[in-house]
Amino acid sequence: MPEQLYLGGNLIIMVAYMAIMMAIVVPVNRAGQLRTNKLAVATAMIFFSCAVGHGLHALMTIRGAGHGHSSASWLWATAIWDAVTAMIGIYYWTLRRGYAVLLGPGAIYVDPWGQHRLDEASAREQAAVNEAAHQQAILATVVDHIDDAIIGLSPRGTVTAWNRGAEKLFGLPARETLGAPVTVLNRPDELLDRIRSGATGLHDETDWVREDGATIRIAVDIAPICDAAGELIGASVVARNITAAMEAAEQQRAMAERSHQAQRMESLGKLAGGVAHDFNNILAIIQNYTEFAAEMCEDKPEVRADLAHVTTAAERATNLTRQLLTFTRGDAVQPQDMDLNPAVAEVEAMLARTIGEDITLIAVPSGRPIFVHADPGQIQQVLLNLAINARDAMPDGGTLVLEVNTATLGGDEMDMQPPLPAGVYARILVSDTGEGIPPEVAERIFEPFFTTKPHGKGTGLGLATVYGIVAEAGGGINLYSEQGIGTTFRIYLPLVPEGAAPHTPAARITPADGAGRTVLVVEDEPALARVVTRILAGGGYRVVAVNNGPEALDAFGTQKCDVLLTDVIMPEISGPRLVELLHERRPDLPVLYMSGYSNGLLGTTHILDDDIAFIEKPFTGQDLLLKLGDVLIGVRSEA
């Protein structure tokens with residue numbers, strides 16, 4: 001009876017273990033994890049091992065009772081199988097630490113010894129959720145404080161999000177916009193229709209008038225917002241104020257245009273300089289041969305009148321060439337300390353004879369001398385150019401005022417061209433009661449070749465020349481104009497420091513006699529060389545004329561020369577280089593340069609140093625003889 005009860009108990013337990021094993025293996029196999037889920041397999045093996053152990057006990061009980069096996073054989077069999085079971089248990093123990101459940105998601109079999117792994121996984125999941133919430137809070141803070149306007153829209157176009165950047169940009173608080181239809185977009189329905197139709201990103205620009213009345217330019221980028229299934233759930237709008245960027249781009253464009261204009265002017269200056277060099281030679285030949293012819297026709301007034309017209313035309317061409325070289329800074333300038341009052345008086349005297357009876361001319365000199373360091377001829381040209389423009393602005397007559405005084409600048413005058421530092425300046429005012437200048441014209445008034453006069457009536461160089469002269473003298477110019485009332489040009493020039501002795505050149509009316517002195521003339525234009533030779537010979541000089549620098553070096557070695565008269569720009573050897581070579585042989589050799597275009601060869605700028613004697617082409621015979629005489633006797637005078 002006990003053996004039967006023992007047998008029955010082992011069989012029941014064996015069946016129970018086998019049932020548990022099958023309950024594990026079957027769903028694991030269905031889940032396709034039989035080869036990969038080592039924990040499930042190990043657990044099934046434990047229950048299988050236990051089932052086999054109890055079955056073995058039952059078998060041994062039956063066989064031991066029927067065949068009389070000794071208890072020792074039974075014990076050995078059970079001991080071996082118990083050892084196998086223990087080894088399977090150890091293997092299971094090594095696996096269970098890496099597995100919380102027997103199956104994946106939705107598993108129904110849980111390893112009770114791995115429950116803490118589930119807790120760890122849950123803690124990790126909660127930490128991930130918390131970190132995501134933290135990151136989302138940071139992102140929300142960044143979005144809310146970013147300068148760009150960030151707006152959320154529903155598919156129907158109502159506002160779902162409105163950050164502080166949007167409040168600042170559009171001047172509308174979030175409480176007034178959330179839940180309301182979007183109003184800050186240009187054509188919002190059209191843009192949203194395109195988003196709903198599948199557009200992945202749109203860009204638009206629009207103007208927005210804020211509550212303070214300011215108009216700004218806004219760039220808008222719109223993108224769809226979709227859920228995990230790809231369904232459209234809204235749209236994001238990023239808007240930014242591009243007004244400053246557009247202004248900066250416009251300034252950059254203007255700077256590039258000015259740079260391009262400067263390059264064009266530089267090229268034009270080189271072209272004008274090359275033309276002026278040859279053109280002034282031609283003018284010198286025309287003027288002087290005209291003078292020679294006039295001297296031989298003193299008894300023929302009709303011929304002399306015709307020649308006078310030729311001289312007048314040549315003088316007009318000379319003035320045009322001088323204007324070209326002035327604004328391109330290609331001519332040589334000899335500035336000196338000069339009083340502006342006599343300059344204004346001379347211009348007044350010239351204008352009084354030519355400006356017309358319907359214009360009242362008023363000159364207002366300063367009560368004391370006002371000295372500046374400038375070229376007197378150029379200052380006179382500035383006044384004449386402005387006066388002629390004023391006359392043309394008063395076709396029905398009016399009043400023209402020339403005034404000289406001093407003025408104090410604060411250094412922040414926005415309309416000064418070029419800008420000047422703070423200080424006290426000499427000021428010349430040229431005012432008229434003419435038609436006035438429109439603002440769009442005033443912006444371009446100093447541009448070369450810009451003119452509003454009819455074709456053939458103006459070159460567009462007058463005010464460009466004025467600007468070039470004033471800027472070269474270290475000054476500035478601005479204008480004030482009202483249409484229908486008149487225009488005032490204000491010219492500011494640096495004052496000569498008080499106590500500085502103004503330069504007063506010695507003046508002679510007639511040239512000194514050459515007295516047989518020898519002049520080495522170096523001129524690469526043969527026709528002009530003949531003109532100069534004739535002028536100097538008529539003044540009592542002996543002339544040695546050559547065409548270039550190498551010939552001059554040879555002639556200087558064989559001829560006794562008292563003074564050198566040389567062109568500046570020549571092939572092979574320039575005038576200044578020739579002077580250097582000759583001064584190595586004779587350091588005290590007097591030199592007089594002649595040129596219509598120095599191209600900076602007489603210094604780093606076109607302003608001549610005080611120790612350089614220079615006469616500008618074209619010149620008359622008397623001008624040349626006076627200048628050469630001054631060089632020989634050591635007197636510097638203006639040609």
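Cβ coordinates come from backbone N, Cα and C, glycine included.
Going by TrEMBL, these are the annotated features:
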COILED    239-266  coiled coil
DOMAIN    135-179  domain 'PAS'
DOMAIN    202-254  domain 'PAC'
DOMAIN    274-497  domain 'Histidine kinase'
DOMAIN    518-632  domain 'Response regulatory'
MOD_RES   ASP567  4-aspartylphosphate
TRANSMEM  6-27  transmembrane segment
TRANSMEM  39-62  transmembrane segment
TRANSMEM  74-93  transmembrane segment
Residues of the parent chain within Cβ reach of the domain 'PAS' (135-179), under 8 Å, 6 or more residues beyond its termini:
188-189, 192, 196, 208, 210-212, 216, 218, 225, 232-241
For ASP567 (4-aspartylphosphate), list the number of other Cβ atoms lying within 10 Å of its Cβ atom.
26
Let me know the model's mean pLDDT on the domain 'PAC' (202-254).
85
